[in-house]
Amino acid sequence: MLGTKQVFSTEWGGRPLSVEVGQLAKQANGSALVRYGDTVVLATVTASKAPKDLDFFPLTVNYEEKLYSVGKIPGGFLRREGRPGENAILTSRLIDRPIRPLFPDGFRHDIQVMIYVMSNDPDCSAEMAGMLGTSIALSISDVPFDGPIAGVTVGRVDGEFVINPTTAQLEKTDLELQVAGTSTAINMVEAGANEVPEDVMLESILFGHEEIKRLIAFQQEIVEAVGKPKFEYTVSKYDEALTAELEAARPEIVEAVQVEEKHARDEAINEVIAKYVAMYEARLADEPSKLGEVSGILNKFVKDEVRRLITVEKVRPDGRRPDVIRPLASEVGLLPRAHGVGLFTRGQTQVMSVATLGVIGDAQIIDGIGLEENKRFMHHYNFPPFSVGEARPVRAPGRREIGHGALGERALLPIIPKEADFPYTIRLVSEVLESNGSSSQASICGSTLALMDAGVPIKAPVAGIAMGLIMEGEHYTVLTDIQGLEDHLGDMDFKVAGTKDGITALQMDIKIAGITREILEEALEQARVGRLHILDHMLETLETPRTQLSKYAPKIVTMTINPDKIRDVIGPGGKMINSIIDQTGVKIDIEQDGTVFIASTDQEGIDLAMSMIGDIVREVVVGEVYDATVRRIEKFGAFVELFKGKDALVHVSEFSLERVANVEDVVKLGDSIQVKVTEIDDKGRVNASRKALILEGLSPEEREAYEAKRKAARESRPPRDSRPPRRDGDRRPPRSTN
């Protein structure tokens, strides 16, 4: 049974926006249908009836791109949507990040957010519509949520900021930023940029926040009209008496958290916890739940002391000051057969990035609900369990790995040379070998070194750094180059990557409601200083890209042919191009504009393939001289091959200055002769002459004598109308147009 639909409308980035509630998915705790232009997104929120016995908040966000939204039927045998693509995974993370901090502390009900893209208009962002729909569904539901939030995309076209740029505007923008937050603060940023200065990045974030405030006011109208009362929930609290008793352990905790080395520090903390758990085992044997609280209380002390030491005493767990970067080390060229390798180490975080160069045909084909595209630059990030000293099952890359890989890709894309300048597909793989925080940023540094080691002519080196934040009341401390414990116990993970001239990528996640302009400004400046320090170190390892590619990398040459000739090169069913590949051992890719890429590690194979393709697409030019081969002899003349696939007729009268009665008196099959093309008729048939070349070789006196002889011969002939009819029919029968 259909419910009563209520519609709320406004505009967003110059396009119509409407929200429908009350009609669809009524059994969910909350649902909203968002129409933005021709984009239609359904967002639903469901909560479990009872809390889960977990030590974390069980929130799941699934963003699903339905292929019917763009009128496509899925491929594959089943013709169903399969596992989510990379864009869907990244969008799920994008929506999760701004809503997660706004659920109550200690809230443990299972929350599932599902977003269906049901119609997709490329000019009206389904991702941002999905974020808006999620916030509305949560805000009008009975689920406790300290929203609403909103998110927008900000671009910069011709120096002007634009809200939710269209696909055409995105082609021109030097900045693409997604920012989300509440009416009072920003709590999520994701950006890719073309070396944008820090002040421009900050202004773009604040520009987006103004639009966020307007969208939140719009949502509040919806909540006032249809919002449900929030359900009651319980949050377990530690026993106050037990907490007071365990205060005796605090001095030992303070000492343990200041052990500088990661594993030694973890061991020291665990020893303190184990000691006090053992002390209380006998006493609390009849109260197992309270015994479980002992480790929880002590872990809370660990968090409290780490944060206090940083904010009050300005001392970090490893002894650094807030703005100090861990020791750096880097190397290149470690793997002899790989095309490029960069090993980057920062403290106890180490990443080996490997660059592989491939042909254009190796590019990844992206075919989702967006426009189909070929992706010639890829960055993949792997995080094996041994990197943190653990033994656990190895599975396919998860959301975190995909997200970190995409962040590195976004950071490096602005420095990758254009296809016309460097016609290679580039794949980077970052293997995390050790991790104690900031591994995604180490992968960016390692990847830059790998690109330079591979000889890729990058625009400029890129480095990345992760900033942190500890906030206690009105006091806060911004941390440079956070390690794992600071990331885990801190309030912000703020990743900034860029060149010496500006930012290429930025990502911010926070665990508090939001941060202010002042904190953003300080974090960006501190990150800039740190980034420049890291870049200086990297350039000491390898100052410029290598001038030569690895001998194991394919050589790629390009040639341009007439697009009308592409079908001739490919041949029926690919017969011709496959024949060239089989004979030469090369890889061949042909673009629609007639650009041909020929790749191989063997230069001779490349040269032969170029010659074969050149013969296929070569055009006959009137007036040019060719070294031809006699292929067929007829009474009226001989057919000669000018080059492979192109023949011409040399008429019997065009062989010599003298009259030729029999063609075979002057040429034989297989003879090589020089001829000059004299005509291409309207049917494409080519006429050539040997006599024309002989005439060109005569001296003026010889030519004059020849012309006089011809004139005399013509005058001695009887008139044409007095001649009898020819007995052999036409002078020249039809011939092949080859």
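Numbers run from 1 along the shown chain.
Even glycines carry a Cβ here, placed using N, Cα and C.
Among the features that Swiss-Prot reports, Mg(2+) binding site is placed at D487, D493, with the record citing sequence analysis. Swiss-Prot lists 554-613 with the feature domain 'KH'. The annotation domain 'S1 motif' is assigned in Swiss-Prot to 623-691. Residues or ranges marked as region 'Disordered' by Swiss-Prot: 704-738.
In three-state terms derived from DSSP, D487 (Mg(2+) binding site) belongs to a helical segment. Note on the domain 'S1 motif' (623-691): DSSP counts are 7 helix, 36 strand, 26 coil. Break the domain 'KH' (554-613) down by DSSP state and the numbers are 32 helix, 16 strand, 12 coil. Annotation note: D493 (Mg(2+) binding site) sits in a strand segment as assigned by DSSP. Taking the Cβ of D493 (Mg(2+) binding site) as centre and 10 Å as the limit, one finds 22 other Cβ atoms among all the protein chains shown. For the domain 'KH' (554-613), the mean pLDDT of the prediction comes to 93.
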